[in-house]
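Annotated in Swiss-Prot:
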type	residues	note
ACT_SITE	HIS437	active site, proton acceptor
BINDING	GLU32, LYS33, GLN34, TYR35, PHE36, GLY37, GLY38, VAL39, CYS40, LYS49, ALA113, ASP303, ALA311	FAD binding site
BINDING	GLY178, GLY179, GLY180, VAL181, ILE182, VAL235, SER262, ILE263, GLY264, ARG265	NAD(+) binding site
DISULFID	CYS40-CYS45	disulfide bond
Amino acid sequence: MDYDLIILGAGPAGYIAAEYAGKHKLKTLVIEKQYFGGVCLNVGCIPTKTLLKRAKIIDYLVHAKDYGITINGQAKLDWKQLLKQKQEVVDKLVAGVKTIIKGAKVESIEGEATVIDKNKVQVNNTTYTTNNIIVATGSRPRYLTLPGFEKAQQAGFIIDSTQALALEGVPKKFVVVGGGVIGVEFAFLFASLGSEVTIIQGVDRILEVCDSDVSELISKTLKNKGVQIITNAHVVRAENNQLFYTVNGVEQSVIGDKILVSIGRIANTECLDQLDLKRDHNNKIVLNEKLQTSTTNIYLIGDVNTQMMLAHYAYQQGRYAVDQILNQNQVKPAEKNKCPACIYTNPEVAFVGYSEMELQKEKIDYVKSSLPFIYSGKAIADHETNGFVKMMFNPKTGAILGGCIIASTASDIIAELALVMENNLTVFDIANSISPHPTMNEMVTDVCKKAIFDYFS
């Protein structure tokens, strides 16, 4: 065999798997079709957060008087400079990924790969043999195939999230189809940049994967920024920059200079089409608990297996899959219920474990403790009191079942809850820990102390 391992894709799952394999002396080849660093680094997590940080600064400037600051003169948005900074960040991190791969003594090739059989991969008209294959080919935006959509896409009116990060200017009117995580983040971004934003959502609230209290707070915040949210709306067609939809059977329309379609993502599994892998009734490739396909030397990790489309979940799967090949059992499998997730709105949303909605659906007994950030000295000092911390506990043992944080720094705080859940700590362990004061983090401790008084004393 030419290699011990061939990895298709150098995104978060693939390059971490490559690094781990290389450092464990596996002769490894990684093949990347387009982006070293994947969607996340090039046209996803990193560039959006770069722009959202600038949007947050704009929000601070708009509300400078609330902080006792008077600005003389007009602050102007330089969109081209923002895009330049975004690309500089991306380029720097892409270079870092390539350095990681090279440093692990892993070979790399640019090109589109196809798996010929369980031991052969073809790229750039050359076939390579291998003992193991890891597929980490990621995902792509899902499109709507409705009347007029293809024409509107070709004309540049209807765009996806990748195109939204490379617009020539800030659109006056920006329409978002889909009120999930990606759609809501872009709504915040362009509303802060000055666009008139409308969200078209198919169900009765945005962020439907979250509890209703989360959706309500973020909806209120968006509306305060001038964003119009239309729920229970079903998109039916497009005519250039005009989007038609129905609410309760009545057809309406909205005009947008740009219309972002953000309705989920599709796994890139085409490289496996020549194989007869076991699939379920939805044509999804079936995996076992070791992330192996029915051909057991072929693994699927990251977005392509659709388990949880998050970069940090992919990181863990990358290490875990290689660990299975090495038969070392040193890396724990990624557990969905202990993996945190973040939404980079302003304030941010972060959660881990069960939501209340999930606990109720699965009929799991729980008690809840929560506090708004108006109880936090640091939040008051920072003028950042919009949000709360809530946690759910096993009423008998005090085990933490889940938690949600809405705060200006929620994405930084949630790691504390994830670590606690990963190590099976309880409400008592957190309540007995000492948090620095004043910080936003101490609200987690305060919520646990409140829970003990309310339920466990």
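Each residue's number is its place along the chain shown, starting with 1.
Glycine too: its Cβ is placed from the backbone N, Cα and C atoms.
The shortest Cα-Cα distance between SER262 (NAD(+) binding site) and any of the binding-site residues GLU32, PHE36, GLY38 is the one to GLY38. Take the binding-site residues GLY38, GLY178, GLY180, GLY264: by the count of other Cβ atoms within 10 Å of each Cβ, the lowest one is GLY264. Annotation for GLU32 (FAD binding site): spatial neighbours GLY9, ALA10, GLY14, SER108, ILE109, GLU110, GLY111, criterion Cβ-Cβ under 8 Å with sequence separation of six or more.
For CYS40 (FAD binding site), applying a Cβ distance below 8 Å and a minimum sequence separation of six or more within one chain yields GLY11, PRO12, ILE46, ALA311. Sequence-distant neighbours of ILE182 (NAD(+) binding site) (same chain, six or more apart, CB under 8 Å from its CB) are SER161, SER262, listed in sequence order. Between the CA atoms of GLY264 (NAD(+) binding site) and PHE36 (FAD binding site) there is a gap of 22 Å. When Cα-Cα distances from GLY180 (NAD(+) binding site) are compared across the recorded positions GLN34, PHE36, GLY38, CYS45, the shortest belongs to CYS45. Rounded to a whole number, the distance between the Cα atoms of HIS437 (active site, proton acceptor) and GLY38 (FAD binding site) is 39 Å. Cα of GLY178 (NAD(+) binding site) to Cα of CYS45 (disulfide bond): a distance of 18 Å. For the binding-site residues GLN34, SER262, the ranking by surrounding Cβ atoms (within 10 Å, all protein chains) places SER262 first. Ranked by Cα separation from the residue listed as 'active site, proton acceptor', the recorded positions GLN34, CYS45, ALA113 are led by CYS45.
The separation of PHE36 (FAD binding site) from CYS45 (disulfide bond), Cα to Cα, is 14 Å.
Secondary structure at PHE36 (FAD binding site), taken from DSSP and collapsed to helix, strand or coil, is coil. When Cβ neighbours within 10 Å are tallied across all protein chains shown, the highest count among the recorded positions CYS45, ALA113, ALA311 belongs to ALA113.
Its own atom aside, the Cβ of PHE36 (FAD binding site) has 23 Cβ atoms within 10 angstroms in the protein chains shown.
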